[in-house]
Amino acid sequence: MVPVASLFSSSLRQQQQQHRTMVHLHGPTVLSSNRGRQTSKTQRSSVVQAASRLLTPIEEPPPNPDTLLTQEELQERTEMLLEWWEGKKNVLCITGAGLSTESGLTDYRGHNGSYHRGHKPMIHDQFMKSEYQRKRYWGRGMVGWRHFDSAKPNVGHYALASLERLNRLGVQFEDKAEYHAQGEDSERWLFGSGQQTLSIITQNVDSLHRRAGSKHVTELHGRTDLLQCMSCGTKRGRLDFHDELESRNEVWLKHALKEAEIRPDGDAALSDENYNLLDIPSCKVCGEGFLKPSVVFFGDNVPKHRVERCTAAVDAADGLLVVGSSLAVYSAYRHVRAAHQKGTPIAILNVGETRAELEGLEVTKIEAPAGPTLSLVASYFEGMKCNS
């Protein structure tokens, strides 16, 4: 294999300079002895002990990706990933919040994750059953969501889009009706080619993969920029909703903006949490129902058709790449575990230990910042295409 350094030394310097302005990646703890090497079951204690560690509050965040590696070390980790990739034609990628932190977004478990500061995210039942909790959600969202929605894709997002375009990322499998939501996707199923293509399964709800140009993405936990009435099912764009929400609550919002801390997924912590006076718009169509973001809140289930589509994609893959995720959430981890049980090679590009390592899965762990590493990988494959 051609050394990465010989192809991209100038590109690497530019990326490292750019990376100094970026934030952290996603992951709960540090395994310094496992950075950049293979792990196996013999290097882990029992699953019971691993599970207890997962449930233990995080005492220390993982290291800062901005200062984690030297240029030489980054080259070495990139070559490790390229070696893992060699010979594979159907690589599927799972991404987490650690990829989007490089766009300036906050995550939960990373180097500067909100869990380290006592953040408790919205729970599904709270939103559905409590008017006050809905007011609290929209009040905090008035402060946090504009920042969240203004984020731009970073070099990692663009690199994954390039890898898809180069046919280095993505799997194909037979399309089935059960991979589509009833009603919404009926035309896509009826008039489709009979084949599904999937490149990325993302846990993120920020739409940055789509904005970067990736074509075949399943947003496992939904998207925050679309709302749906819980009574009649009517959908509404969140930007339009926020315009109305802010116009109805101008005085409250002006006061709330004085002191706030941005949290993940469009949330914010406010110094004054008096939400009773908020005026929240109802559905414009039925006039009675309340609107909910089209996301899977904590405590809710991923829609069945989405799970089955991802399961089929994992089954069709000859390699599974995890980027920027601690895999603490089962909705993503289930697919990594399925790949492991099938014998599919797994690579994890993440700063900090992951659930896969804690539970003893055999993985190639690459402890490196996602954006610069993926960008070098994409550049390498671009170079191969130009030289062929």
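Yeah, the Cβs are placed from backbone N, Cα and C, and that goes for glycine too.
Pulled from TrEMBL, these are the features on record:
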type	residues	note
ACT_SITE	H221	active site, proton acceptor
BINDING	C229, C232, C283, C286	Zn(2+) binding site
DOMAIN	67-388	domain 'Deacetylase sirtuin-type'
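Those residues of the chain, other than C229, C232, C283, C286, with a C-beta within 8 angstroms of the mean position of the Zn(2+) site C-beta atoms are M230, S231, G233, T234, S282, K284, V285, G287, E288, G289. Taken together, the residues in the domain 'Deacetylase sirtuin-type' (67-388) have a mean pLDDT of 87 on the 0 to 100 scale. Taking each Cβ in turn and tallying the other Cβ atoms within 10 Å, the top scorer among the binding-site residues C229, C232, C286 is C229.
Residue environment of the residue listed as 'active site, proton acceptor' contains 21 other Cβ atoms, counted within 10 Å of its Cβ in all protein chains. Using Cα positions, the member of the binding-site residues C229, C232, C283, C286 nearest to H221 (active site, proton acceptor) is identified as C229. Around C283 (Zn(2+) binding site), taking its Cβ as the centre, 20 other Cβ atoms fall within 10 Å, counting all chains.
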